[in-house]
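Take a look at the structure set out below.
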Amino acid sequence: MSPVLITFYFLAAFTLATAFLTIYSKNPIHSAIYLVLCMVSIMGHYLLLNAQFVAIVQLIVYAGAIMVLMLFTIMLMNLNKEDEVHKPRITRLGAIVVFILMSMVLITIFINSKTIMGEYDSTGEDFQSIKVLGKVLLNEYMVPFEFASILLLVAMIGTVLLTKKEKDQK
Amino acid sequence: MIENILNIIGIENYIFLTVLLFCIGVFGVLYRRNAIIVFMSIEIMLNAVNLLFVAFSTYHQDAEGQVFVFFSMAVAAAEVAVGLAILVSVFRNLGSIDIDNLKNLKG
Amino acid sequence: MDVTTLLILLLIGAVATLVSGDKLASKVALLFSLVAFGLSINLLLQFNQGTDIGFVSNWIANPKVALALKADGLSMAMVLLTTALTPLIILSSFGNSFNNSKNFYALVLFMAFAMVGTFLAADGLLYYIFWELALIPIYFIALIWGNGDVEERKKAVVKFFIYTLAGSLFMLVGFAYLYSKAGSFLLEDLYKLELSNQEQFWIFFAFFLAYAIKIPIIPFHTWQAKVYQKAPTVGTMLLSGIMLKMGLYSVIRWQLPIAPDAAKEYMPILIGLSIAGVIYGSIVALRQKDLKKLLAYSSLAHVGLIAAGCYTLTADGLNGAVYQMIAHGFVIVGLFFAAEVIFRRFETRKIDELGGIRSQASGFTSMFMILVLASVALPGTYNFVGEFTVLYSLSQVNIWFAVIGGTTIILGAYYMLKMFQNVMLGETNTKVFKDVNVSEAIVFVVIIGFLLFFGLYPKPINDLVNPAIKEILAVINR
Amino acid sequence: MDTNLALLLLLSPFVGFLFNIFFGKKVSKGISGAIGTLTVVVSFLLSICFFAQLNQNGKPFEISLFDWIQVSNFKLDFGILLDQLSLLWLLFVTGIGSLIHLYSISYMHDDENMHKFFAYLNLFVFFMITLVVGNNLLVMFIGWEGVGLCSYLLIGFWYKNQPYNDAAKKAFIMNRIGDLGFLIGMFIIAALFSTLNYAEIKSAVASGDANSALLGLAALCLFIGACGKSAQLPLYTWLPDAMAGPTPVSALIHAATMVTAGIFMVTRMNFLFDLTPDVQNIIAIVGAITALVAASIGLLQNDIKKVLAYSTVSQLGLMFLALGLGAYTVAVFHVITHAFFKACLFLGSGSVIHGLHGEQDMRKMGGLRKAMPITFWTMMISTLAIAGIFPFAGFWSKDEILMVAFGHNKALWIVASIASIMTAFYMFRLMYLTFFREFRGTEEQKHHLHESPKLITIPLVILAVLAVIGGAINLPGSMWLNHFLEPVLVAKHEAHHLGTQEFILMGIALVGAIIGIVWANAKYIKQGFVPKEDAEIVGFSKTIYNKYYVDEFYTFLIVKPLNGLSNFFRTTLEPALGKVVYGFGTVANGIGSQGKKLQNGNIGLYLFVFVIGICAIITYLFIAQ
């Protein structure tokens, strides 16, 4: 057992546990906090894979921006009480069945398809430094990149419009 | 020459991890009534996919997978922003964000 | 000159009627229908000289659809029936006034256009388009200008529309399948198809549904009586006089030659069903209280006999069916017109409330009587020629079919005479009944003249129809 | 030339019909009647011409006018055939027709629709001529249905009276039942021989290779047609009801001419019936039973015209008996003599009714002998003729029927003899009740009693004379009719020699008739018996008086179930069928409204279903792999 592997297992267990707790916690605030932890652990995976840029972005966007937004919303709505009514039992049972079924199915699929995986190769090139990524992003993916910015702009305008109080509403 | 880290961990471990993470997300969507938690479940699913992208990017030694993760994060950010805005206005109108109480999506 | 001129004329007539304004509309429509009749007579003369008056031209490349209009004796007979009845029907409506009469008469002419198209089309898809096109005007005519309670009328008319449309869809599916086999919708290509028994079965019954509803054969007749009752008399005449014949014509032209083996295999069932319609229609007609409904059921009985003739697959059966179609077309228009004449004066169609008209209007009584007698196929009227030929063909298939089908002459006499007695005879009615005026008399006299003339001298129609039927029979027995 | 004359013979009454229907109202009643009569007289004269011609050269006259119906295996033209049989019929149809037209001028003079009456009568004569002169069965069928139509029109002539219209309708429909048989018979013959022309059928039958079972069926079907038209069991009930029509109509159509069409047809097709002995037996039995049943009903009827109607049915039964025994000439002979005396009787009863202003009940008559001597004497002669008293016409013809019956089957002979005795009884009952003893009507009627005008009595006298001498055409010994008709009939006639047996039979028949007369005399003259009121009739006589309840039986067995079925169809089955069709709509509607519930706008549910759906798809793909 190499330290890397141990790290991976630890991180994986942490990720799954926090993800599960996110869903299972009754208090939305707790959920949000578990989700932050989940995001951070995923960042850990990225670092393990040496994807520094994505890891940083993950931290900033998810753990930072998005989660703050969520927390704000939760608090705005004053949802920190544990007053959520459960879904009907049959639905919950269905959810669990689906969960188990899906996991089994997907895992079986990937186990079955393992044979066509080749050897892990290493080109030796530095393919995931910020420098390389930036070149790819701003050369080949220039147009989608710009579209992404437009998308974000539109999302911002939309959000503002949606949340604005309509004056002439009775 | 840097050794490929997947030689140590193995891509299948990542696959199992992401599958489980994704299924937890699905479970959350089905299980909860609180719209924000459902939202979070969706984020978990997105993250599971992102993680798989990055893992395969490493597997193929190719940066494009990470570029895609970048885009998906941008979309996720936009989605969260708009979605939460909608939730806020829903809450303002109905006083609740329980998805089972949202019954007006019909003509 | 070919048959397209006739179609174009009718279409122009419809448009001209639409723009002529409400006051002139009926006259313009009458004029155009008369010109169309003259034109079709002219076409008939050309046809008899051996000129080819058909028309073929490409239309849609993919799927391959052609504007193919073919005129043989059968088509010409049906076209003449349509163009001869249309002016009569328009003339018969002169005693009524309609709101928006320009729309009304334009729809009548448009319907004539569609029906003529149906009788001429020699391309499956074109035929289907005309077939469905004919449904649209009658829908509006019955819905907008009909009588009785609006809600009930709407219910009946919408039922009729959806019912016939649904039946026709099966025919469309049948055509689509035939296209996939033949690569063309052309009639002659479809005639050449060699279909397996299984295929023939499905094609036959897809077509059968469409036609059985239109004709109608029991138990697909439920739309009929209500619609006849609710539609304005012009609409009823168009429906019963011509539109029913579209179904019967199509049986001869499309259904039998394309799937002859299926027709042969199921012949007893088909004839049995048709004859059951004869008996059923007659028995139901016995106790009807509404004049138009009674006539509707009598029509059901008569078309049942015609359909039985078609399904015998003998030359006599098919010929007789065509004769009977023509005869029934005229007589039923006349009878419905008689009902309308009574309604104009007494404002009722309830048989109980009528009676005692004979002493007030002897001219009308005589004409009505002759129509009633023609309807029960008294020898000397054209109906007898048709009924005799059809019953003879049935007797050749199985004598019992003829015996059971022949009860129509007993039951028919029973319900028609009973109706006549209750409507026309008895103590003089307290209400005043004015005898028929000129335009009404013309309609009656033309119809009666036609029926009596051809009843004694049917040869011209025989000579027109027989060769065409012979050709079709050759295809059926290929 | 002959063609034109033949056409004139056929169309002359039709011209009269057209004139009367279109212009009859504008001209005076006299002219209308005169034209109606004249056109028939023209036909009569032409018939005589053709008859004379035929007597000279013995060749039948046949022409084809134009093509008519054409079916796959044969073609029919509208042809005229004037041979011995058709000319014989033409003579008495147009002859008696002329007399009755003449009679009607006076009889119908008070009716406002007299021109219509003449129009219909002319139309009837036209159709009757068509029936007789056609050279194939289908032309006969035109006339056959045509006379049925005229019968309908004339029975319902007083159309304001709905029971009369019912009687007319009944006659038409009963006839149509027979017509269907006729039609089917024609179909079988056409299928067998590919023709309907008499001559061609005859030669085809003679070749003898036809399927005898089918031939029998054809003959039976034709006989059913004859039953309808000639009022035989079980289709006879329309004829007594048909007395609703004006009396000249009863005389012309329902006694002398139309009802004999069935006999004409069977005689025409004699070559066919000769080959089917089973059917002949049926005909004979039906005829005998009809004769007996109708005669027994006639015993107790009180309506003067009803008695005559049942008498007609009974006499027609005797004629069919003769036909069934293959004695066609004898039947034809009786048709002719019967036409004379029955027409005379009807016209005489019409004269009586005329004199009493419409009274038809014999219980309210009596003692008319003095007031109406001509009517009385002519009717008396005819009554003697129908009763079969020597030497009146009826004696000879009826006697021959009885003789033929005796020769074939003693049982039939006994039945026919009983019917004859009954005939003598009820006819004299009629005479006694009507003309003898004192008048039983109202004082006012008594005051107005008078003999009918000349136009009524002249036809009566002529017919009475014919009823006396009519038997001369076929006296035993001369047998003129037999020889005359020989070319038409398949010659297999056994000649009667007048032996001892024949004379004994004649004697028995005569004695039988006299017994009937004496019986009637004893009951109605000596005892002065007057039939009871309707309500007082009890027991078996009530059954007879009510005509064995046959009408009620038919109503119960056919009309009621038919109407019930119609009601059931109309009120139950039709809506049910409609509901089945609506059912498709209802099902679609139901699916829609269930689906609508699914589409309830609940986002939570949508989300749930959506995710489950995706999972299901993935799982399915996995399993399907």
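Cβ atoms here come from the backbone N, Cα and C positions, even for glycine.
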Tell me which of C:24-45, C:266-287 corresponds to the transmembrane segment entry in TrEMBL.
C:266-287
Ranking C:160-180, C:200-222, C:294-315, C:364-385 by the number of C-beta pairs under 8 Å to the transmembrane segment (C:397-417), which range is first?
C:294-315
Is it true that the transmembrane segment (C:266-287) and the transmembrane segment (C:160-180) have 3 or more Cβ pairs under 8 Å, skipping pairs fewer than 6 apart in sequence?
no
Is the transmembrane segment (C:438-457) in contact with the transmembrane segment (C:104-122), using three or more Cβ pairs under 8 angstroms as the rule and ignoring pairs under 6 apart in sequence?
no
Does the chain bring the transmembrane segment (C:200-222) near the transmembrane segment (C:294-315), so that three or more CB pairs sit under 8 Å (pairs 6 or more apart in sequence)?
yes
Which sequence-distant residues neighbour the transmembrane segment (C:160-180)? Criterion: at least 6 residues beyond either end, Cβ under 8 Å.
63, 124-125, 128, 131-132, 135, 139, 142, 190, 193, 199, 202-203, 205-207, 209-214, 220, 222-223, 226-227, 258
Among C:234-254, C:294-315, C:364-385, stretch most in contact with the transmembrane segment (C:321-343) (C-beta, under 8 angstroms):
C:364-385
So what's near the transmembrane segment (C:438-457) in sequence-distant terms, Cβ-Cβ under 8 Å and 6+ beyond its ends?
84, 88, 91-92, 94-95, 326-327, 330-331, 333-334, 337-338, 341, 363, 367, 370-371, 374, 379-385
